[in-house]
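One structure is given below, encoded as structure tokens.
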């Protein structure tokens, strides 16, 4: 089964020692912020085990910061599931909420949202903590990556609302997937989790830019493989395996094998570029402190590639079968048990 597909990743990453204590605080917060309304929705959310994802991708965060990062994961993942195929007009509300999420980092931290719902209220609180202590340069970079991700999500929802979800060709899809996977700003958050910043000149270098793109591709493709059963069950055509099968007229297994090959190719190219990082630092004439920032930035990418992979192998989010209210919601074309876009 796709969720069981294994990759031989060349690096291991730690898991935060704060996982269990932060998990308890986080789950209370999710309920208090009404990011889940029902017992069924809460149990489904718990099965995803997003706290493990945060603990693996940001293993060096402090106890308090780990809770903030878990909280951020919750609102982002839950917002991703808000489209309802039986209500195409839902796309307009999603776009309205997405615009609010995009502009929040551009306002003074803590400014109440103009569009109020559980998702925007939660993001306002999270951003106040997530941005604390970071430079305007970092905040602007994060906001740009976050905005591109949310805009791409709206494009995806709009395609689904118009019945065009499965119409992208492979080249177009892979470029689109790089934006919808939401990895660039997630790697940026790795800097916040350890209290450092990658020098701006390194971030602008073609080697670092390509490494981040390849990391996004690698993670996005692995995610498409591991989530395939869930997305096939929901009729979601925004998946690499589905695109390959449609474009090449092959079997599901052949499409899965090709998706695996494409993932390995992206990972191999990433590893080749990673070996060129010292040369990049020499070229930019970085001092020791700046080189440390680059080194930690590369570790942040590794934490995301390996941490997300390890989490996806066991997360209930990608389980092959669902029961009860969750199964009913999926059969009705809803991605979520609870509506989080209204007050």
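Any Cβ shown, glycine's included, is placed from N, Cα and C.
Taken residue by residue with DSSP, residue 77 (site 'Plays a critical role in the stabilization of intermediate cation') is part of a helix. Residues annotated as site 'Plays a critical role in the stabilization of intermediate cation' in Swiss-Prot, with similarity to another entry given as evidence: 77.
Taken from Swiss-Prot, the feature Mg(2+) 1 binding site covers 80, 84. For residue 80 (Mg(2+) 1 binding site), the number of other Cβ atoms no farther than 10 Å from its own Cβ, over all displayed protein chains, is 16.
According to Swiss-Prot, the motif 'DDXXD motif' annotation covers 80-84.
As annotated by Swiss-Prot, site 'Plays a critical role for substrate recognition' applies to 81 (among others), with the evidence given as similarity to another entry.
Under the heading Mg(2+) 2 binding site, Swiss-Prot lists 84, citing similarity to another entry as support.
Taken from Swiss-Prot, the feature site 'Plays a critical role for substrate recognition' covers 156 (among others), and the record attributes it to similarity to another entry. A sphere of 10 angstroms centred on the C-beta of residue 156 (site 'Plays a critical role for substrate recognition') encloses 22 other C-beta atoms.
Around residue 177 (substrate binding site), the same-chain residues at least 6 positions away in sequence with a Cβ under 8 Å from its Cβ are 217, 220, 221, 224, 238, 240. If you look up Swiss-Prot, you'll see 177, 230, 317, 318 marked as substrate binding site.
Marked as Mg(2+) 3 binding site by Swiss-Prot on the basis of similarity to another entry: 223, 227, 231. Neighbour density for residue 223 (Mg(2+) 3 binding site): within 10 A of its CB lie 21 other CB atoms from the protein chains shown.
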Alpha-carbon spacing, residue 81 (site 'Plays a critical role for substrate recognition') to residue 317 (substrate binding site), which is rounded to whole Å: 11
Rounded distance in angstrom between the Cα atoms of residue 317 (substrate binding site) and residue 80 (Mg(2+) 1 binding site): 12
Candidate nearest residue 227 (Mg(2+) 3 binding site) in space, where candidates are the recorded positions 77, 80, 156, 318 and distance is Cα-Cα: 318
DSSP-derived class (H/G/I helix, E/B strand, else coil) of residue 227 (Mg(2+) 3 binding site): coil
Cα-to-Cα gap, residue 230 (substrate binding site) vs residue 223 (Mg(2+) 3 binding site), nearest whole Å: 11
